[in-house]
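Asks: Feature table excerpt (TrEMBL):
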BINDING   G11, S12, G13, K14, S15, T16  ATP binding site
Amino acid sequence: MLRIGLTGGIGSGKSTVSALLAERGAVVVDADRIAREVVEPGTPGLAAVVGAFGTGMLAADGSLDRAALAAVVFADPEARQRLDGIVHPLVRARSAELAAAAPADAVVVHDVPLLVETGQASSYDVVVVVEADPAVREGRLVQRGLTAEDARARMAAQASDEQRRAVADVVLDNSGTLEQLAGQVDRFWAERVAPVTG
Ligand code: ATP
């Protein structure tokens with residue numbers, strides 16, 4: 001098994017690169033998606049969040065009220081740490097479970113937006129960082145429905161490209177077209193993946 005850690009700032013193109021790698025045969029483990037699954041109604045994760053922050057975190061239908069939770073942790077770093085202490089171990093455990101279920105010769109891509117922020121680089125054989133010009137990212141996020149202010153605030157709250165670069169084995173530049181990105185993914189696959197997996 002080859003374990004690839006894929007990261008990049010918000011709107012850099014992680015999901016797009018994941019899809020390109022999946023087309024080439026990789027198994028994708030998506031940390032954002034798992035982070036939603038581990039707090040679905042009926043999970044121990046949701047029970048733990050309610051235990052820590054109260055029933056005010058529940059919407060009328062019993063699901064997690066993300067806006068209420070965001071309001072609590074946004075202004076309170078200690079609360080954010082407590083939440084991360086609940087959710088991150090659950091995400092790691094579920095990710096490991098999904099990776100373990102893949103075939104022994106699989107290429108497993110872990111799409112982890114906060115790979116650098118959570119200090120997980122050493123968990124992977126290869127760390128791939130996707131970058132794009134901040135203005136290009138902002139434009140793509142606005143097209144996806146965010147306001148420009150929100151896009152900039154989210155970018156500023158994350159690690160910098162320099163911090164991500166420091167742990168990168170491979171940097172993919174997604175400031176250009178999808179075709180240019182696909183070409184870089186092909187090169188990465190030929191140079192770094194195929195020689196290992198045959
Ligand atoms: P997030 O951090 O929000 O999960 P992400 O890093 O996974 O984002 P994507 O969702 O892959 O990024 O890309 C962000 C947006 O930009 C998407 O709407 C995607 O379709 C678009 N996009 C990605 N790459 C390109 C490109 N090279 N040219 C044009 N649009 C692109």
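Positions of Cβ are set from backbone N, Cα and C atoms, glycine also.
Those TrEMBL annotations? Automatic predictions, nothing curated.
I'd like these features described in context: how deep, what's nearby, how far apart.
Replies: Secondary structure at G11 (ATP binding site), taken from DSSP and collapsed to helix, strand or coil, is coil.
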Asks: Starting from the ATP site formed by G11, S12, G13, K14, S15, T16, give every other residue of that chain whose CB sits within 8 Å of the mean position of their CB atoms, in sequence order.
Replies: G8, V17, V130, A132, N174
Asks: Within its own chain, what residues at least 6 apart in sequence put their Cβ under 8 Å from the Cβ of G13 (ATP binding site), listed in sequence order?
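Replies: Correct list: V130, A132, L172, N174, L181.
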Asks: Taking every protein chain shown into account, which of the binding-site residues S12, S15 has the largest tally of Cβ atoms within 10 Å of its Cβ?
Replies: S12
